[in-house]
Amino acid sequence: MLKNTSTPPDRPAEPQLRPEAMAAASDDRRSLRRRLRLLPILATLAVAGVAAAAVWLLWQNYMESPWTRDGTVRAYVVTLAPEVSGRITELAVKDNQLVRKGDLLMKIDPSDYQLAVELGKAAVDQAQADFENKKAEAARRLKLSSLATTTEEKQTYVASANMAAATIEQVRANLDRAKLNLARTEIRSPVNGWVTNLLVRQGDYATTGQTALSLVDADSFWVDGYFEETAIPLIQDGDPAKIWLLGYKQMLQGHVDSIAHGIVVSNVTPGKSGLATVNPVFTWVRLAQRVPVRVHIDDIPPSVRLVIGMTATIEVEPKASEPTATNPIPHTRPPSNAIEGKRQNPNGAGARKARP
């Protein structure tokens with residue numbers, strides 16, 4: 001077998017890069033890597049800038065329109081206690097039932113009280129007959145001459161007739177009280193509302209003065225918002241307010257009804273030994289106290305079911321106002337020593353230095 005002794009064709013020579021081109025390519029790669037390393041830093045700075053801008057906008061919005069997430073739905077609760085004692089013979093409602101003003105809630109056994117009314121009527125008739133008898137006797141004694149009777153005897157019969165008349169008034173009052181107690185055996189709703197936490201049952205014994213029923217007044221709902229004391233100068237009675245309940249996406253409209261004028265001060269409570277109780281505080285950190293602001297709900301949509309204790313977010317929209325005798329504080333942004341202005345002298349602007 002013959003071997004191929006032919007010479008293979010020569011390969012084309014690879015182009016040789018100049019040193020200047022190689023250096024330029026190396027610089028381009030280093031520049032690209034440097035730019036790629038800067039991208040995370042720039043992205044972080046951009047996110048931080050956006051976050052700072054958002055915080056600044058939120059702060060400005062808070063200072064212009066005070067808001068709080070610490071809101072609670074409130075309403076009046078009417079407690080009903082029987083004014084007479086007895087066995088419950090009828091319970092006309094169930095737990096969480098809506099009732100109207102005047103609806104019958106429960107009825108107490110009226111037998112004893114009906115009997116008291118009958119006895120009172122009989123006592124009135126008896127007292128009336130006794131009065132008529134003594135009145136006639138006194139009239140006959142007064143017609144007699146001084147030879148047939150004495151003046152003292154006449155006065156005695158007249159006084160007896162007057163006492164009989166007073167007895168009539170007394171038994172009539174007793175009859176009225178018996179009728180009133182009979183009417184009190186029926187307990188009716190004094191407001192429109194819902195029966196809540198119903199624990200009594202038919203057959204239970206109702207005791208005078210002991211709570212038997214509780215009603216949530218349907219016409220008394222409001223929201224208490226607990227605002228920081230730094231926001232109170234911005235809020236005035238009548239300012240519009242927006243309300244968001246935690247369980248509903250729908251916004252409710254309301255207005256500021258009133259602002260509380262006092263909260264509990266823990267430092268005034270004496271200790272066990274009678275000494276003053278002083279809570280430790282930090283000199284540079286002071287927590288703003290929260291002041292209750294009562295917000296009236298202007299309109300409650302049918303789709304919203306209010307429950308006492310619900311959580312709410314409240315935003316107040318201050319109205320521009322000029323200081324007057326009844327409204328001495330205008331709606332202006334309160335100064336903050338930590339942000340605006342110089343630090344004030346804690347002893348007052350005009351306080352003198354203490355002598356050594």
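Glycine is no exception: its Cβ is also placed from the backbone N, Cα and C atoms.
Just so you know, TrEMBL annotations never went through curation; they're auto-generated.
Owing to the predicted nature of the structure, the values given are computational and were not obtained by experimental measurement.
Note on TrEMBL: of 161-188, 217-244, 273-300, the range annotated with the feature coiled coil is 161-188.
Across the range of the domain 'p-hydroxybenzoic acid efflux pump subunit AaeA-like beta-barrel' (220-316), the DSSP-based residue counts are 9 helix, 38 strand, 50 coil. Secondary structure of the domain 'Multidrug resistance protein MdtA-like barrel-sandwich hybrid' (77-216), assigned with DSSP and counted as helix (H, G, I), strand (E, B) and coil, comes to 66 helix, 29 strand, 45 coil.
Packing against the transmembrane segment (38-59) from elsewhere in the chain is no residue: none 6 or more residues past its ends has a CB under 8 Å from a CB in it.
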